[in-house]
Amino acid sequence: MAVAQIKWYLAGVLFILMQSGGDARIHTLTLKNDTRLAVDLNNFGFFANGTLDVNLTLLSIPEKLNYSSLPVGFSLSRSRVNEVFSYTAEETETCPLKTKPTNGEPLVLFLIDINNLCVNVYAMGDQDNILTAKLKGDTSKVERKSRDTSASGSKDNGSKNESDKKKDVEVKKVERPDYPLHKDTNLTLDLGKENGVYNFSFQVLFGLKSQGLYSLKFHFCQNMYPQNKHPYSFTVNVTEKNLEDFLSAAEIPLSRLYICMAGVFFTAAMVWVYTLMKHRYSVFKIHWLMAALAFTKSTSLVFHSINYHFINTEGHPIEGWAVMYYITHLLKGALLFITLALIGTGWAFVKYILSDKEKKIFMIVIPLQVLANVAYIIIESTEEGSSEYYLWKEILFLVDLICCGAILFPVVWSIRHLQEASSTDGKAAMNLEKLKLFRHYYVMIVCYVYFTRIIAILLKITMPFQWQWCYEFLVEMSTLIFFVLTGYKFRPASNNPYLQLPQDEEDVEMDEVVTESGALEGISKVKKTSNATARKSPPCNQKAAS
């Protein structure tokens, strides 16, 4: 079984590394024959003077449709909380591009008109943003000068060299006119057409009053009704920045947060190893597995921090560091659920053989963990607007909940059988202590799962956009507390009720009852000893007895 599980895991690792492209803040999304009503291009938190650059190319849409009542275009809307946007919900009875907001939040619509080769811009809500784009019919001085220079150069010298051409293009981009966006501002941009496909670009500079969390979406309202599914294709390049940072407002502190938490977890791991060395006669294999989990968690956070650092400075991750993060993240996830499940079964503490139904739990959890990590890394390396993004997101959520529920079964089985054993003759004080410990462990797991999967998310959506990094802080701190409590409860010490051996013949008989119950199947009757040290030194005991 172990060999098969390793093969499963390695196959998952190879598949992920082959598919991973790395999360980035310089996005390029290409859609071919898509039929969705709305495409979520990205969600990003902008501070004042943050910029959004959008370059749409190769737009191909049916030309014989009536786009006046059901238009096509982009929406840029702000919300106060993450993933709860006040505008442009996909499940709506009216076209989002024809609906006006009622809460006064900033909103900018870009309606594409292929008949007149223009893009109509409508700014709504209270905002102080600035739009940089080429207006319809506008010919700037820079462009005229460029054409005049090019014409004169062609008469005198034939053509410009490549460096001069690049300089002209850069000048055009820098000196495009700026237009303030206020409430009820209307503009008409130029829409280019070449070889039957359309293109245009724009930049938005966010003001102090308009900073916040924004959602950029593409809408094709012709596909509102199930019977009408018209395909469209396009390529869009999106670049978001907060001054010199490529990370969203809530993500900028994450690099420092992860490196600090890595140091905390490493310190905790070293303390744990010191404890194991100090009580080495009471140490079991599971204790070293717990140490490996703590070190792997610390290493994963280091690479996570490095990954975010390069995304922040370069706009995209460095492939080598990203792969190292993915590998350590995979190992950490597998070790976490395996360790929790083994502790729940009592493996290595009081038995070395798992029952058949406990083995089935591991046969379920390990492949599901591979699937969960595949889903996580595909989400990290896939553009948000791609069709498979939300499918993998749902898979991750479902599989993660299944794994969290699965690791509770061994704990429940152990609690049930300890209850049966404790009520056999009323003299099993040791089993009652173990039962109490298992109940505490069950409550700890449930609290950890609920907090990291539900409560922390609820706190996240109620925080201001620039403080949403606190969600990650809460998750990491809850993980640290859970690790520390688990280590304390199952620490290697002679006075730990979970590690105590029976002290008289009646307790030995009780061990046999627990073994026969099924939860602790595989335990053999042990020789009565006074402490764990005696258990480790049989020759001395035998000599003393003789």
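Glycine is no exception: its Cβ is also placed from the backbone N, Cα and C atoms.
Computed from a predicted structure; not experimentally measured.
The compositional bias 'Basic and acidic residues' annotation in TrEMBL covers 157-175.
Taken from TrEMBL, the feature domain 'GOST seven transmembrane' applies to 253-497.
The feature region 'Disordered' is assigned by TrEMBL to 141-175.
Taken from TrEMBL, the feature signal peptide covers 1-24.
Here TrEMBL flags 256-276 (among others) as transmembrane segment.
Within the chain carrying the transmembrane segment (288-311), a Cβ under 8 angstroms from the stretch's Cβ atoms is held by residues 23-25, 246-247, 251, 254-259, 261-263, 265-266, 268-269, 272-273, 276, 317-318, 321-322, 324-325, 328-329, 331-332, 335-336, 338-339, 342, 476, 479, 483, 486-487, 490, all 6 or more beyond its ends. Annotated transmembrane segment per TrEMBL: 288-311 (among others), in sequence order.
The annotation transmembrane segment is assigned in TrEMBL to 323-349 (among others).
Look at TrEMBL and you will find 361-379 (among others) tagged as transmembrane segment.
The feature transmembrane segment is assigned by TrEMBL to 391-413 (among others).
Residues or ranges marked as transmembrane segment by TrEMBL: 441-461 (among others). Below 8 angstroms of C-beta separation, residues 81-84, 340, 343-344, 400-401, 404, 407-408, 411-412, 415, 468, 470-471, 474-475, 478-479, 482, 485-486, 489 of the same chain, each at least six residues beyond the ends of the transmembrane segment (441-461), sit close to that stretch.
Here the transmembrane segment (473-490) has long-range neighbours at 257-258, 261, 264-265, 268, 272, 275, 286-287, 290, 293-294, 297, 301, 340, 343, 349, 437, 440-441, 444, 448, 451-452, 456, 459, 496, 498, meaning same-chain residues at least 6 beyond its ends whose C-beta is under 8 angstroms from one of its own. Sequence annotations record features per position, and here TrEMBL assigns transmembrane segment to 473-490 (among others).
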